[in-house]
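Only one structure is covered here, and it is reproduced in the block below.
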Amino acid sequence: MAVDTTKNPVPFEMAQIPGPEMAKAYNTAVIGAILKKAKRPLLVVGAELFEDPVIFDKAIEIGKTGVPIAATAHSIKGFVERGYTDNVTMIGLHPLTNYLRFKDWQGLDGKGQYDVVIFMGIFYKFASAMFSALKNFNRDIKRVSIDRYYHVNADMTFGNLAFNVDQYHEAVDEVIAKLKG
Amino acid sequence: MDKMEGSFALEDMQNVQINIGAIVKEVDEWDQPMGPFPYPSIATLRDWDFKIMNRYKVFYSPICDRCTLCTYGPCDLTGDKRGACGIDQAAQQGRIVLIAVLMGCTAHAAHGRHLYHWCLDKFGDLPFKMGDEILVDAPLTRTIAGIKPKTLKDFGPVMSYVEEQVSQLLACTHTGQEGSFVDFESKALHAGMLDSLGKEVSDLIQIVAYDMPRGDEDAPLVECGMGTLDKKKAILITYGHNLAGSAEAMFYAEDNNLWDKVDIGGVCCTAIDNTRICEGIGHPDKEFNDNYRMVGTKAKIAGAIGWWRKMVRGDCMDCIMVDEQCVWTDAIVDAEKYKVPLIATNEKIMLGLPDRTNDPVDEIVDDLVNFRMPGVVVLDPVKAGEVGIKTAIAVKPKRAEIREADPFLSEEDFKKYAESCTYCHSCQFVCPPHIKIGDVVRAAAEGNYEPLSTTYEICVGCRRCEQVCPQDIPILSLYAYANREYIRNQKFKMRAGRGPVKDTEIRRVGAPLVLGTIPGVIAIIGCGNYPNGTKECYDIAREFVDRGFIVAATGCMAMDMSLYTDEEGKTIWEQFPGGFDGRNICNIGSCVANAHLHGAGIKVATIFAGRNERANYDDIADYILNKVGACGVAWGAYSQKAASIATGFNRLGVPAVVQSHSVMYRRAFLGRADKREDWEIIDARDGSKVYCEPAPEHMLYVAESVEECMLMMAKLCFRPSDNNSGRMIKLTHYCDISMKYFGCMPPDWHVYVRHASDLPLKWKEDMMKELESKYGWEIDWKRKAILSGPIRKSDVSFDPTNIERKIRVKK
């Protein structure tokens, strides 16, 4: 039985109501399919991974499917410690989002702009604001959150799973399975 | 040019008077001509702003996608939509940013205006003297207004200028006015500059009028922390930023020998300014000087703004005087609930209380002490000070009578509340630092108070959790109960605010700063909305002072970093000297004293490099941007004042790093290292264009973690003017911080290498190998030299500028 990731679609900081356009919560199969279909996906992970280190392993699993990883804040350290840095790039979330909003940016690998960004393990308020920047200033990029929060400024997100760690882990696993399948 | 106004009568012609609105005279005390931009207007420095924004792209992250400011609204501006008035999302964000910066600017400037009037009333028109070691005595005033103030009254026209500009700028935010985001941002940068000027005037007035330290690296250590307030005495808390009323309370206590009956504890910047009073070079009024010498050290720092509600719940006060800025607007609600009389002393905050300014002191005190009213307004600072002291002393026993013996929750109530938690997580949905409050309370119910202790300093005291709790659990009171021993023992030392940087200090550090051998100035400024507790300010300060940077702090950060000690029990102020020098840490002063950090940058340009500062803002800012390795950090910024402070730093060419909550400010200035053309700089020697490394790479940057903050600060101290030794030192710190906290080298270290002697000795061999193998640079291994690869060659004579008029000889 798949985790119902469409439940509880309430902004994690409840007063964060931006306007008419708000994210829809999707189930893991749909999100997994979108990631799989993406031509130039980018997984963006942040410092909250240190609070739930098993997510590093899940990020590495995603990385191994060929999705490049942008390690924001000091999260690169978690990848270095696990000996996986193949397609992981250390970059701040703020400059990364600044690059993402420009259509002429050639990406971390110089091969072109991304079409889907996937956020995971980033301080909620910061991630929300960066989704907002993309929502308003580069709408060509699909914004996906597989974090434990309902992300109001994403296109696609989980509902809030912040209070059920096991379910959250399971949901990420389901996305990975879909991505691999 | 100075303007003089006046009138005179002609001899033998009674009743004939000629009024002269303004005669202009060239004053002889300047050794430099009037610069190009005295009293710049909105558009005067627009070219400079555009230069900044062409390199540092304006980046918006809207918090609200709508505009609700006029009756056509709400308008949805998401994406490429426009509002009914035609405004687009970027311009709307710029408009909100400008409003926020103006809020901050006016808070500082209005503070200065109040002090200007009050100090002239109390002390008269005192001579403006900063002592023998500060001859460049009002650097922002000189650079922006082009004048040298001689007395306090000379600051009047400067304040009037700020006020007029603010009025013009605020008008631009009305519907149907400005419509371009870049022009909104140019205006915001203008407001940021005005903010710096207003701050300078505010602090200089109080330094002179209250004889505060003038660049004293040995300013005294003062007591800091809730535990320093002696509960055997009455405790008067003075809360806000404007010392007028608080100072009078201190003078009243001194005049009447009441210090054995009352403790005065400051909260927020009033705390810092209390402890600066009469610690300077001597007041020109001998009687005042004799009466109040070193009275400042008798006041205590109760704490920074983030501790306010913790102090309330921690029973740290018998009477409150509030003045202006950063006063939580429900202070009167708490005051009434906990029977702590409140006196509002400034027109800006009156909280709906009756104005008792003209009533006799004893009548006011009687009403407060008998709780006939929770608070009063007393706008006369002298009377307010007397009321404050008398009320605190008289109400203390009364408060004890009407309350339970223990002001904290009883053990029984604590357990009852903790056990009533239903683990619904409503609290966690609203907690800014994301404390798992449900887990913390559940642990407390099981008798484990440890989580309540470990998260106590992470809690920012916003009380949003209590408001949403369906069980009405007073969560802050649970914290107070579990941390009551900590509260009683919170006793530390902070160095009193030293004031401006001395000219002599600038002479000492000017060359090493510009060449890079002192790796930078780290300015730690701002408030108390920290992402992970107050300790991170201490960690940032310690990291950089240990590395030999010049570290300067102001405001709440200076207070909060005082709450930690080393293994010998010493606070950071006791560990390091207080000069403006490498491996020093100086507390410059309160919020308005931030202006002296701008001033230090200006002084490097004028004292060390001989640049004319007079009405020459863009030239000075250009010098700072290219040659002075300095970076601000506002790690707990919450207020609009922080927005104006950072924006003022940015216009002067100083980058700033802020914490992740600061995305609420909506706007950043971020460079694009991948766009070579953005980093083209003029060589002032001959006007040739040089592509430089991105230094500094960003102007306003949000960091996600303290580790990222420290790395970015080290990086933002790079400047094109660094010599090889300086660049090597800066690169060493940049790489070392990265290795320490990130476990690897930063991916762009090679970008900052111009010559083999730029390379850190520690990794030189490996780096040269990597430059060759990974980046394809040509290396002469025999000579250990780089033959090709760098963005530009190292050139000790390179004179970088962004301003065409600085070109000496055109090629």
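Using N, Cα and C of the backbone, Cβ positions are placed for all residues, glycine too.
Keep in mind that what you see is a predicted model, and the values were worked out from it rather than measured.
Residues annotated as [4Fe-4S] cluster 2 binding site in TrEMBL: B:CYS67, B:CYS70, B:CYS75, B:CYS85. All chains included, 24 other C-beta atoms sit within 10 angstroms of the C-beta of B:CYS67 ([4Fe-4S] cluster 2 binding site).
Per TrEMBL, the feature CO binding site maps to B:HIS108. Note on B:HIS108 (CO binding site): other Cβ atoms within 10 Å of its Cβ, all shown chains, come to 30.
What TrEMBL records for B:HIS241, B:CYS269, B:CYS326, B:CYS527, B:CYS556, B:CYS591 is [Ni-4Fe-4S] cluster binding site. Remark: B:CYS326 ([Ni-4Fe-4S] cluster binding site) has B:GLY240, B:HIS241, B:CYS268, B:CYS269, B:ILE305, B:CYS527, B:SER639 as non-local neighbours, by Cβ distance under 8 Å and separation of at least 6 in sequence.
Look at B:CYS469 ([4Fe-4S] cluster 3 binding site): DSSP puts it in coil. Neighbour density for B:CYS469 ([4Fe-4S] cluster 3 binding site): within 10 A of its CB lie 21 other CB atoms from the protein chains shown. Under the heading [4Fe-4S] cluster 3 binding site, TrEMBL lists B:CYS421, B:CYS424, B:CYS427, B:CYS469.
Look at TrEMBL and you will find B:CYS431, B:CYS459, B:CYS462, B:CYS465 tagged as [4Fe-4S] cluster 4 binding site.
Here TrEMBL flags B:450-479 as domain '4Fe-4S ferredoxin-type'. Proximity of distant same-chain residues to the domain '4Fe-4S ferredoxin-type' (B:450-479), defined by a Cβ-Cβ separation under 8 Å and at least 6 residues beyond the stretch ends, is recorded for 306-310, 313, 408-409, 414, 417-418, 420-422, 424, 426-427, 429-433, 435, 437, 439-441, 443-444, 486, 528-530, 532-535, 563.
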Collapsed DSSP category at B:CYS269 ([Ni-4Fe-4S] cluster binding site): helix
Integer Å distance between the CA atoms belonging to B:CYS70 ([4Fe-4S] cluster 2 binding site) and B:CYS469 ([4Fe-4S] cluster 3 binding site): 35
Cα-Cα distance linking B:CYS556 ([Ni-4Fe-4S] cluster binding site) and B:CYS459 ([4Fe-4S] cluster 4 binding site), given in Å to the nearest integer: 16
Spatial neighbours, same chain, of B:CYS556 ([Ni-4Fe-4S] cluster binding site) - Cβ under 8 Å, 6+ residues apart: B:CYS268, B:CYS269, B:ALA304, B:ILE305, B:GLY306, B:GLY526, B:CYS527, B:GLY528, B:GLY636
Residue among binding-site residues B:CYS70, B:CYS421, B:CYS427, B:CYS459, B:CYS591 with least C-beta crowding, 10 angstrom cut-off: B:CYS70
Largest tally of Cβ atoms lying within 10 Å of a Cβ, found at which of the binding-site residues B:CYS85, B:CYS424, B:CYS431, B:CYS462: B:CYS431
Under 8 Å by Cβ from B:CYS75 ([4Fe-4S] cluster 2 binding site), same chain, sequence gap 6 or more: B:ARG66, B:CYS67, B:THR68, B:LYS81, B:ARG82, B:GLY83, B:ALA84, B:CYS85, B:ILE87
Pairwise Cα distance for B:CYS431 ([4Fe-4S] cluster 4 binding site)/B:CYS424 ([4Fe-4S] cluster 3 binding site) [Å, integer]: 14
